[in-house]
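Q: Provided herewith is a single structure, encoded as structure tokens, for subsequent inquiry.
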Amino acid sequence: MEPVMSLALAAHGPPSILEPLFKTVTTSTTTTTTTTTSTTTTTASPAGYSPGYPGTTLLTALFENLTSTAASGLYDPYSGMYGNQTNGTIGFETKGPRYSLASMVVMGFVAAILSTVTVAGNVMVMISFKIDKQLQTISNYFLFSLAIADFAIGAISMPLFAVTTILGYWPLGPIVCDTWLALDYLASNASVLNLLIISFDRYFSVTRPLTYRAKRTTNRAAVMIGAAWGISLLLWPPWIYSWPYIEGKRTVPKDECYIQFIETNQYITFGTALAAFYFPVTIMCFLYWRIWRETKKRQKDLPNLQAGKKDSSKRSNSSDENTVVNHASGGLLAFAQVGGNDHDTWRRPRSESSPDAESVYMTNMVIDSGYHGMHSRKSSIKSTNTIKKSYTCFGSIKEWCIAWWHSGREDSDDFAYEQEEPSDLGYATPVTIETPLQSSVSRCTSMNVMRDNYSMGGSVSGVRPPSILLSDVSPTPLPRPPLASISQLQEMSAVTASTTANVNTSGNGNGAINNNNNASHNGNGAVNGNGAGNGSGIGLGTTGNATHRDSRTLPVINRINSRSVSQDSVYTILIRLPSDGASSNAANGGGGGPGAGAAASASLSMQGDCAPSIKMIHEDGPTTTAAAAPLASAAATRRPLPSRDSEFSLPLGRRMSHAQHDARLLNAKVIPKQLGKAGGGAAGGGVGGAHALMNARNAAKKKKKSQEKRQESKAAKTLSAILLSFIITWTPYNILVLIKPLTTCSDCIPTELWDFFYALCYINSTINPMCYALCNATFRRTYVRILTCKWHTRNREGMVRGVYN
């Protein structure tokens with residue numbers, strides 16, 4: 001049995017154990033006397049066994065084969081030896097804990113807190129991205145990728161680093177060491193590249209908002225994120241695993257864990273440090289500097305880009321004549337025109353919303369000064385079979401901008417409906433070039449007045465009574481008419497009122513409004529399917545049994561005139577509606593002969609002469625003047641518009657669902673409430689109202705500038721904090737990486753300093769969720785939902801406010 005035991009020991013132990021048994025085998029192995037003595041106590045040769053034993057030759061050959069095989073075995077780079085040879089310089093017994101027990105407890109507690117905060121913060125970022133649809137944007141895709149990298153650092157890298165730092169040595173062996181280093185450097189480098197991608201994304205979004213955002217798709221974002229992880233995967237893990245085989249041996253001791261080529265090859269060290277840190281941080285600094293410079297430039301140029309400057313190439317609501325309609329004491333049409341460069345300073349972009357700048361809404365009146373109206377907006381874009389006229393470059397650009405602006409609006413379905421209608425169905429409500437309605441403003445039909453040489457007869461002084469426009473489709477471009485001045489507008493209003501009175505009081509049944517059951521309606525009055533008269537001071541009325549004469553029965557020249565509407569001659573007015581008594585008389589005039597309807601219309605016309613025909617509607621409630629009382633009453637009692645299927649349906653092509661719920665009319669113009677109130681005071685109070693207007697304007701301008709400065713300052717501070725935190729946490733370690741290969745002294749840099757700077761890089765993963773996510777209000781609200789376990793609830797109020805404001 002003893003030879004068998006010796007053979008087993010020889011297979012698993014050092015070859016020196018066999019020396020007491022067979023002195024002839026000890027040719028290549030030497031041991032000390034102490035070792036042989038302790039070994040021979042358990043392996044003593046029995047009696048009768050001697051070096052001349054017959055079995056000695058066989059055993060000698062066997063053991064020589066075993067020892068030669070072990071000596072010529074494959075090289076193991078992780079053990080640093082061939083076969084079962086041992087290296088006395090590498091072992092776990094050489095090092096122990098470097099810190100006291102109290103220090104180890106404190107370090108473990110701090111490391112556990114940092115790791116938990118890092119993991120929790122990045123998990124909240126990923127959950128927020130998942131449960132809130134508002135956060136699923138292109139920019140937040142980059143944040144999601146960054147959160148994945150930081151989560152890996154907090155879950156894997158930080159705990160293992162804390163273990164090796166507290167114990168003072170690496171206890172898990174070389175294979176786990178290389179795996180930990182590969183994952184650690186992969187996640188850290190991916191985190192840096194994700195920061196770089198975010199920097200590029202913000203830079204292009206600021207400097208190239210139009211071209212870049214068109215290419216900024218989810219697929220491109222996925223490609224960029226994949227590139228960040230792919231570069232990190234190629235840069236670190238392959239070299240960490242393969243470097244001991246490249247050099248032929250592993251120089252890292254078993255009780256330590258670091259990348260071998262950082263100490264053995266200074267060229268690789270410099271290259272990886274430049275590629276992993278110095279190049280990205282340099283690019284990030286440059287990009288953020290450009291972003292900061294562009295922000296400052298825009299902040300400096302902001303007064304020139306505001307709506308106060310007249311720039312028709314960028315604004316669709318600019319017109320050739322900017323007038324503000326106010327209430328005058330006894331005038332038919334009173335316009336308070338603000339002169340100088342301050343007349344547009346109250347205008348605000350559509351994207352801005354402020355509680356200090358509320359709005360009032362006013363309808364639009366279109367005036368054709370005796371010429372063929374200019375072609376409409378859609379015909380200038382879609383009509384290809386018509387004769388082209390020569391237009392100015394400014395006019396063409398203006399037309400294109402208007403069509404482009406309306407192409408993405410919510411009422412684009414109205415345009416499709418208008419295309420279905422024939423172009424010769426008459427008039428439709430024209431779309432003006434004023435500021436489009438916000439999405440929260442309901443569309444209602446408006447009354448639009450047009451003056452031209454319409455009919456061959458039945459007019460006074462060559463001017464026909466104003467009509468309701470039923471179509472703005474004009475397939476034939478016509479010359480641009482001259483603009484109607486304010487004096488012409490006032491003269492037109494006076495002539496219109498007198499014409500309406502004369503025509504309607506004739507009593508012969510041939511006027512614009514006729515109560516005869518056999519009379520036909522020529523389009524000069526408003527036809528209500530319910531038989532109620534909704535007239536105004538400009539001669540609007542109805543008959544109970546009147547029939548609508550389609551414009552196709554008119555002469556061709558008149559239809560051509562009727563289809564064209566001038567978009568430049570646009571003035572904002574409100575058509576006065578009749579009182580309840582007048583409406584009742586007009587509705588009941590069918591049985592009283594021609595004189596009854598004429599008298600009712602005449603009374604409406606006279607009422608329009610006595611009261612102001614232009615009135616500003618304030619959003620905070622009805623006006624308190626006595627003249628405006630009938631207007632408010634009529635607007636409150638106005639009946640719903642006829643449907644498309646009724647006998648007197650009008651091809652307005654507008655959504656009628658909001659007409660009976662909102663008294664604000666179609667194509668309303670949005671102006672600040674301060675200007676409306678101050679403008680009314682200026683018309684009635686003279687210099688005092690003008691001073692009030694200027695004070696309100698200056699106060700709003702100062703407050704807006706202060707808000708913009710605060711926003712720009714906050715954005716600049718956020719960008720600076722992000723860049724500063726990255727530089728502070730990553731620079732010290734990367735400086736040591738470049739310094740250590742250059743120094744011949746291995747102990748010049750203390751181990752504690754290495755560990756501290758290495759841990760500082762991890763802290764950047766803890767700061768990233770705070771810098772990127774907590775600066776976003778939507779992230780903060782989602783964090784609160786997660787912490788309060790409200791996973792499936794939504795902030796409806798915030799969503800509605802974000803969509804409709």
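Heads up, the Cβ atoms here are built off N, Cα and C, so glycines get one too.
Here's the feature list from Swiss-Prot:
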TOPO_DOM  1-100  topological domain 'Extracellular'
COMPBIAS  27-43  compositional bias 'Low complexity'
REGION    27-47  region 'Disordered'
CARBOHYD  Asn65  N-linked glycosylation site
CARBOHYD  Asn84  N-linked glycosylation site
CARBOHYD  Asn87  N-linked glycosylation site
TRANSMEM  101-121  transmembrane segment
TOPO_DOM  122-141  topological domain 'Cytoplasmic'
TRANSMEM  142-162  transmembrane segment
TOPO_DOM  163-177  topological domain 'Extracellular'
TRANSMEM  178-198  transmembrane segment
TOPO_DOM  199-220  topological domain 'Cytoplasmic'
TRANSMEM  221-241  transmembrane segment
TOPO_DOM  242-266  topological domain 'Extracellular'
TRANSMEM  267-287  transmembrane segment
TOPO_DOM  288-718  topological domain 'Cytoplasmic'
REGION    302-322  region 'Disordered'
COMPBIAS  308-318  compositional bias 'Basic and acidic residues'
REGION    340-359  region 'Disordered'
COMPBIAS  341-353  compositional bias 'Basic and acidic residues'
COMPBIAS  507-525  compositional bias 'Low complexity'
REGION    507-530  region 'Disordered'
TRANSMEM  719-739  transmembrane segment
TOPO_DOM  740-752  topological domain 'Extracellular'
TRANSMEM  753-773  transmembrane segment
TOPO_DOM  774-805  topological domain 'Cytoplasmic'
Q: Looking at the stretches 101-121, 178-198, 221-241, 753-773, which one shares the most CB pairs under 8 Å with the transmembrane segment (267-287)?
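A: Comparing 101-121, 178-198, 221-241, 753-773: 178-198 has the most Cβ pairs near the transmembrane segment (267-287).
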Q: Over the span of the topological domain 'Extracellular' (740-752), count residues by DSSP class, listing helix, strand and coil in order.
A: 5 helix, 0 strand, 8 coil
Q: Give the one range among 101-121, 142-162, 221-241, 753-773 whose Cβ atoms make the most pairs under 8 Å with those of the transmembrane segment (719-739).
A: 753-773
Q: Any chance the transmembrane segment (101-121) and the transmembrane segment (221-241) have 3 or more Cβ pairs under 8 A, given the pairs are 6 or more apart in sequence?
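A: No, the transmembrane segment (101-121) and the transmembrane segment (221-241) are not in contact.
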Q: Using a Cβ-Cβ cut-off of under 8 Å, list the residues of the same chain that are 6+ residues beyond the ends of the transmembrane segment (753-773) and lie near it.
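A: Same-chain contacts beyond the ends: 114, 117-118, 121-122, 124-125, 128, 143, 146-147, 149-150, 153-154, 157-158, 161, 165, 188, 191, 195, 198, 718, 721-722, 725-726, 728-730, 732-733, 736, 779, 783.
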Q: If we skip the immediate neighbours and take only residues 6+ beyond the ends of the topological domain 'Extracellular' (740-752), which ones have a Cβ under 8 Å from one of its Cβ atoms?
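A: Distal contacts: 98, 262-263, 265-266, 269-270.
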Q: In the topological domain 'Cytoplasmic' (122-141), how many residues does DSSP call helix, how many strand, and how many coil?
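A: Counting residues by DSSP class gives 17 helix, 0 strand, 3 coil.
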Q: Given the model, what does the mean pLDDT over the topological domain 'Cytoplasmic' (288-718) come out as?
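A: PLDDT averaged over the stretch: 47.
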